Amino acid sequence: MGDVVNLLDHDLDGLSAYCEGLGEKRFRATQLFRWIHQKGAKDFASMTDLAKSLREKLAGRAEIRGLPVLTEQVSSDGTTKWLFDVGGGNAVETVFIPEDDRGTLCVSSQAGCAVGCRFCSTGHQGFSRNLSTGEILAQLWFAEHRLRERLQLPAGERAITNVVMMGMGEPLQNYSALIPALRVMLDDHGYGLSRRRVTVSTSGVVPMMDRLREDCPVALAVSLHAPTDALRDELVPLNRKYPLDELMAACKRYLQAAPRDFITFEYCMLEGVNDTEEHAQALLTLVHGRGEHRVPCKLNLIPFNPFPASGLQRSSRERVLRFAKVLQDAGLVTTIRKTRGDDIDAACGQLAGEVQDRTRVGERMKRLPVPIVPLGVK
Ligand code: SF4
């Protein structure tokens, strides 16, 4: 017998093809899919209305392979962080953020990240490997069913209403694993989340933004963090490959597939680096003023969560408010992200997991000075 197949690696089409290979019809695959994702079944014996013949075929050939949980931490505000073991000395983090009207799960797509953004503790850890579809989905599968149990939700009520691919990793650099995972999130037989409640966050991998638009146009967030190429080159090194003009044009193309949507631009506020009123004006010029590249968008300002290796500081509250006012006065919808789960290091940019760096990105980043780039430099 060959390798044991992890059924979490498949979207519904993939699972149907697998079941067909076992001589089973598609509706059987749908039943199986619902048992796994809607009911959180861990083994075939518990799938009581699934034909016994299929359960017997699956036993020994396939499994529902979750990830070992290393730790579970619950913050005083209810934010929950799990550390999952993905083997080889690597661990990834997943965070649940409860709010009055929603429950958001922040999911990781890679062990580490090769992009190396200056303000991101994942970036400082370097990169080990991509997660599989099954490893991405295992985070949601586990969290949903764990939370239902912990919160004692009535049958049929979901704990997780939104997913953001904003944990460790650049999801668009793990595209082939990402797409089936997104399809399971959207599938009515899976998690049944609407397209607008699943967000992919990217640092700006332009060709993959175009592919995502064609394959699965979910909500898109772009890590912007700087209004000029000179500064963004320093903060988000991927900018050297895909500079702002190309990025803005890709954002605009993206919205052609989802015309009633908008792009969320993430902007991490770094004291003395990107947080002056002049930076805010330059940001307005970028998103509003570059002629044909005007992009329907919202701005999300993120107070930086300092960590020692970054050498960077969080902007003061006054500076953040002043920055936000410039944008709001110009009619740009601007929010300031509330810091959640601070006491368990679960806030944005603090997810570090454990990464066996294969790229030495982390090493190189330790030696970088604080980027001070005059605004006149484009
Ligand atoms: S912000 Fe995102 S893309 Fe940048 S290093 Fe961190 S995880 Fe990677």
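From the backbone N, Cα and C atoms, a Cβ is placed for every residue, glycine too.
Listed in TrEMBL:
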- Glu93: active site, proton acceptor (ACT_SITE)
- 99-343: domain 'Radical SAM core' (DOMAIN)
- Cys113, Cys117, Cys120: [4Fe-4S] cluster binding site (BINDING)
- Gly169, Glu170, Ser201, Ser223, Leu224, His225, Asn305: S-adenosyl-L-methionine binding site (BINDING)
- Cys348: active site, S-methylcysteine intermediate (ACT_SITE)
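Annotated features taken from TrEMBL, shown on the structure.
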residue : record                               : Cβ within 10 Å
Glu93   : active site, proton acceptor         : 25
Cys113  : [4Fe-4S] cluster binding site        : 29
Cys117  : [4Fe-4S] cluster binding site        : 23
Cys120  : [4Fe-4S] cluster binding site        : 28
Gly169  : S-adenosyl-L-methionine binding site : 29
Glu170  : S-adenosyl-L-methionine binding site : 25
Ser223  : S-adenosyl-L-methionine binding site : 25
Leu224  : S-adenosyl-L-methionine binding site : 29
His225  : S-adenosyl-L-methionine binding site : 26
Asn305  : S-adenosyl-L-methionine binding site : 19
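Ranked by Cα separation from Glu170 (S-adenosyl-L-methionine binding site), the recorded positions Glu93, Cys113, Cys117, Cys120 are led by Cys113. Contacts of Ser201 (S-adenosyl-L-methionine binding site) defined by a Cβ separation under 8 A and a same-chain sequence distance of 6+ are given as Val164, Met165, Met166, Pro171, Leu220, Ala221, Val222, Ser223, Glu266, in order along the sequence. Distance from the CA of Cys113 ([4Fe-4S] cluster binding site) to the CA of Glu93 (active site, proton acceptor) is 13 Å. On a Cα basis, Cys117 ([4Fe-4S] cluster binding site) lies 14 Å away from Asn305 (S-adenosyl-L-methionine binding site).
A mean pLDDT of 94 is what the model gives for the domain 'Radical SAM core' (99-343). Among the recorded positions Glu93, Ser201, Leu224, His225, Asn305, no residue is identified whose Cβ is positioned under 6 Å from ligand 1.
Inclusion criterion for the binding-site residues Gly169, Leu224, His225: a C-alpha placed within 10 angstroms of the C-alpha of Cys113 ([4Fe-4S] cluster binding site); this criterion is met by Gly169. Following the DSSP three-state reduction, the secondary structure of Cys117 ([4Fe-4S] cluster binding site) is coil. Here His225 (S-adenosyl-L-methionine binding site) is positioned 11 angstrom away from Cys120 ([4Fe-4S] cluster binding site), judged by their C-alpha atoms.
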